[in-house]
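Per TrEMBL, these features apply:
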COMPBIAS  1-10  compositional bias 'Low complexity'
REGION    1-25  region 'Disordered'
TRANSMEM  33-52  transmembrane segment
TRANSMEM  64-85  transmembrane segment
TRANSMEM  105-127  transmembrane segment
TRANSMEM  134-156  transmembrane segment
TRANSMEM  162-183  transmembrane segment
TRANSMEM  210-232  transmembrane segment
TRANSMEM  252-285  transmembrane segment
TRANSMEM  297-315  transmembrane segment
TRANSMEM  321-342  transmembrane segment
Amino acid sequence: MSADLAAPTPTRRRRRKKQDAGGARAAARRPGLITGVALTVAVLACAGFVLVDLPGAWEYALRLRLRTVAALVLVAVAVAVSTVLFQTVTANRILTPGLMGFDALYLLVQTAVVFFAGAGALGGAAGGGIAGSLLWLVEVGVMVVLITALSRWLLLGARRDLQIVVLVGVVVGTLLRSVTTILQRMLDPASFAVLQDSFFASFGTVEEDLLTISAVVVLATLAVLLAFRHVFDVLALGREAATSLGVDHRRAVLWVMVAVAVLVSVSTALVGPITFFGLLVANLAYVAVGHAHRWSIPAASAFAVITLVVGQWLLDRVFDFGTGLSIIIELGGGVLFLALLLGRARL
């Protein structure tokens, strides 16, 4: 008798199926809703940064703010997309291009330019024009070639454990920093002072010519990635699973790493290195919307835009701090990295 009462009736089974279906639909809507809200907030933040408290000479201020917002959005999207995809192909949420020594390569390129061409070369980049564009192209070209070669050897050669990949990345980064330090010690104080200014990310000194070139390159790279969007989730399953599902794992990873190299190189050459920023926004996106790339990439980009735009607005117009935004972001990202590394964050 008790067993008959405990057995589910057809009505109960139908009700349970409806509840399960409703829960599944709600779970499916949640990432889309969060991503939509994040993108909306990002757009509102950009509009507020540009339009709030315009001074009397609004034409000049509006142009300056639009340029700053464009640089912030461009760097935010490039860093967020490159970090999410880099973590996809490495199957690790702690690794970022910066932690693998890619930012150290930028520092070496900048130091080599000053060492061989003089501090005036960086001055030409800051002033825009042909010299600035040429220096930008040289920096991006060198970093893309070297980053792609390093990534190809690390990820597409013989099967290597993740620990070996991390170790090689750390060793390469240390080697590049050591060479950079040696070259810096042979510079005169004036050149060294000019060089130091380029080592910290700056979002307010981007020239329009370089911003336009960077925007074209980033948009073209994103268009290529859009054509490969259907394989990102498959790549996250690993080499064997991706191959069994009909994806050319080697070719797909190579294309992704070339795109990552371009995005990292462009964003770094435009404003300077930001090591932990991608780690911060990528893990925030994973917590908010999960690991499906249809949601994690736009969510990470939106979170990155919100962080940079709101942070820059607070520093410039509320707190009136002289500290650069990148320093505060690096502090928060570094704390998160240590938490992830020590296993104290359940992300």
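Glycine is no exception: its Cβ is also placed from the backbone N, Cα and C atoms.
Where the annotation comes from TrEMBL, it is an automatic prediction and has not been curated.
Predicted, not measured: the structure shown is a model, and the values here were computed from it.
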**Request:** Run the contact check on the transmembrane segment (33-52) against the transmembrane segment (162-183): 3 or more C-beta pairs under 8 Å, excluding pairs closer than 6 in sequence.
**Result:** no
**Message:** Below 8 angstroms Cβ to Cβ, which residues of this chain, lying six or more residues outside the transmembrane segment (162-183), approach it?
**Reply:** 90-92, 95, 99-101, 103-105, 107-108, 111-112, 115, 150, 154-155
**Request:** Please give the sequence-distant neighbours of the transmembrane segment (252-285): residues at least 6 beyond its ends with Cβ less than 8 Å from one of its Cβ atoms.
**Result:** 71, 74-76, 78-89, 93-94, 96-99, 102-103, 106-107, 136, 139-140, 143-144, 147-148, 151-152, 155-156, 198-203, 206, 210-211, 214, 217-218, 221, 224-225, 228, 231-232, 235, 242, 295-297, 299-301, 303-304, 307, 326, 329-330, 332-334, 336-337, 340, 347
